[in-house]
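What Swiss-Prot says about this protein:
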BINDING   Glu89  substrate binding site
BINDING   Arg102, Lys194, Tyr196, Lys273, Tyr275, Tyr378, Tyr443, Tyr447  dimethylallyl diphosphate binding site
SITE      Gly104  site 'Required for regioselectivity'
Amino acid sequence: MTIHPQNHDLPTGSAMKATPFEALDLVFHFEDQAQRQWWKQAGPVLGQHLLLANYDINKQYQYLCFFGHHIIPILGPGPGSGYDYHPLEISQNFQRSGSTIRLGFQPRAYSSCVSPQDPFGELSTEEAMARLGQVTGVELDLQPYHLLASHLNLTKKEEKEMLQPTCYNSLSPSFKTQGLLAVELPRTGSITLKGYWFLSAKSMVTKTPISELSFQAFRNIDHGKDLLVPALRPIEEYFAEMKMKPANPTTPQTTEFATVACDHVDMSRTRFKLYLYECLWKYDRLADIYTLGGRLKNAPGIAEGLELLREIWSILQIPEGYHFASLQNSLLRKSTNAESCGEASKPASEEREFFDDQALIFNFEIRPGEKWPQPKVYFPLAYLTDSKAADAVVALFEKLGWKEEARRYKDNLKTYYPRCDLDKTSGLQHVLSFSYRPKTGPYTTVYYWKIGA
């Protein structure tokens, strides 16, 4: 079935006043209603991001066409179709040299969402990359993907074990997917892809900590060349002291690895990334992880980054204490003794406790041939109303001297979510990330959820 636009006239006046989305909406058609719904709900938001970020008009058309013809067909059922996760995310990276728009998404063919053909999304991810790699204007090198996939993807035997009803039905969404993709939409040059592996299922079925799975995969890729190992070594040393455990949906740890990612470009330019979640929101804890217990104190840019992180901590009015998944609160209420809850038992401390499904996120970026890993911190924003979160982002931009971005940010946000009262909503601005490199200075990203809300 082909779905055609219905009565979408150009704005009053000259046709030249139509935005790229409005012009394309007159001629695009889609194979089913789900695809049409993705276009109508997410297309205008992407169009506004590109427009308000002052992308070249040709790039605006290119990226909207790319989204409509190549991303939407691999998103699966339309938005609001019973997802217990957010299958599409728009993010905007800000730095001194300007801003860049990026899309993050989970490739899910419709059949894989309603049948057991591809329960962990591995086939959908590979099919999506094969499709996107054929697009003119996309740079794609699958060597990094295949090297990591050979170590991190579930084997057929592991998949079968995870699909046992008593196991699979109790898993959270993070345990039921193996991969996500992201595409960067640069102002010049080619579109590039990045792939993510969520390793909770692999860890659970192999009874191996995610940290160990990740470190071993990176060492196997390095294959004795010492391109990745020097930067990996301080990470291994720091987390070896914590005695990391295999992932468990009912007994999460306070500090827990979750994800591995890499760019799907030539190996010499690929950034390999390790992501972890931290439940204790304290600045001293943040600083300890950011510096790997002091191992990075002499690395370029670390001191400057820490200074700005302290400013961000204050600007965001971080609610300090332990932040747990709501599942843990349920376990604690049902438990009659600490042992039956395992790691879900309350920590023996006087810190405040929140059961709000939020965590600080860190990633450590490893580039071939570089001595030091590059840390980045991700701050959840859902504890703030979107209006207050926007005020915090504006305050950060002003602190960084980005006056024009600060002036425009809140008005732009209202344009992305025209039907929302930002004083009453939360989580539309889902996460704010920050890193610092001496050559490029501060680098921050805002991640937007509930696209088209």
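Note: Cβ is positioned from N, Cα and C throughout, glycine not excepted.
Everything Swiss-Prot records as a feature, shown here on the structure.
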| residue | record | contacts (Cβ under 8 Å, 6+ apart) |
| --- | --- | --- |
| Glu89 | substrate binding site | Leu103, Gly104, Phe105, His430, Tyr447, Tyr448, Trp449, Ile451 |
| Arg102 | dimethylallyl diphosphate binding site | Ile90, Ser91, Gln92, Asn93, Ala182, Val183, Glu184, Leu185, Thr445 |
| Lys194 | dimethylallyl diphosphate binding site | Leu181, Ala182, Val183, Glu184, Ala261, Cys262, Asp263, His264 |
| Tyr196 | dimethylallyl diphosphate binding site | Gly179, Leu180, Leu181, Ala182, Thr259, Val260, Ala261 |
| Lys273 | dimethylallyl diphosphate binding site | Thr259, Val260, Ala261, Cys262, Asn363, Phe364, Glu365, Ile366 |
| Tyr275 | dimethylallyl diphosphate binding site | Phe257, Ala258, Thr259, Val260, Ala261, Ile361, Phe362, Asn363 |
| Tyr378 | dimethylallyl diphosphate binding site | Leu360, Ile361, Phe362, Asn363, Val431, Leu432, Ser433 |
| Tyr443 | dimethylallyl diphosphate binding site | Asn93, Phe94, Gln95, Phe434, Ser435, Tyr436, Arg437 |
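Other C-beta atoms found within 10 angstroms of the C-beta of Tyr447 (dimethylallyl diphosphate binding site) number 19, with every protein chain shown included. Overall, the recorded dimethylallyl diphosphate-binding residues Arg102, Lys194, Tyr196, Lys273, Tyr275, Tyr378, Tyr443, Tyr447 cover a maximum inter-Cα distance of 21 Å.
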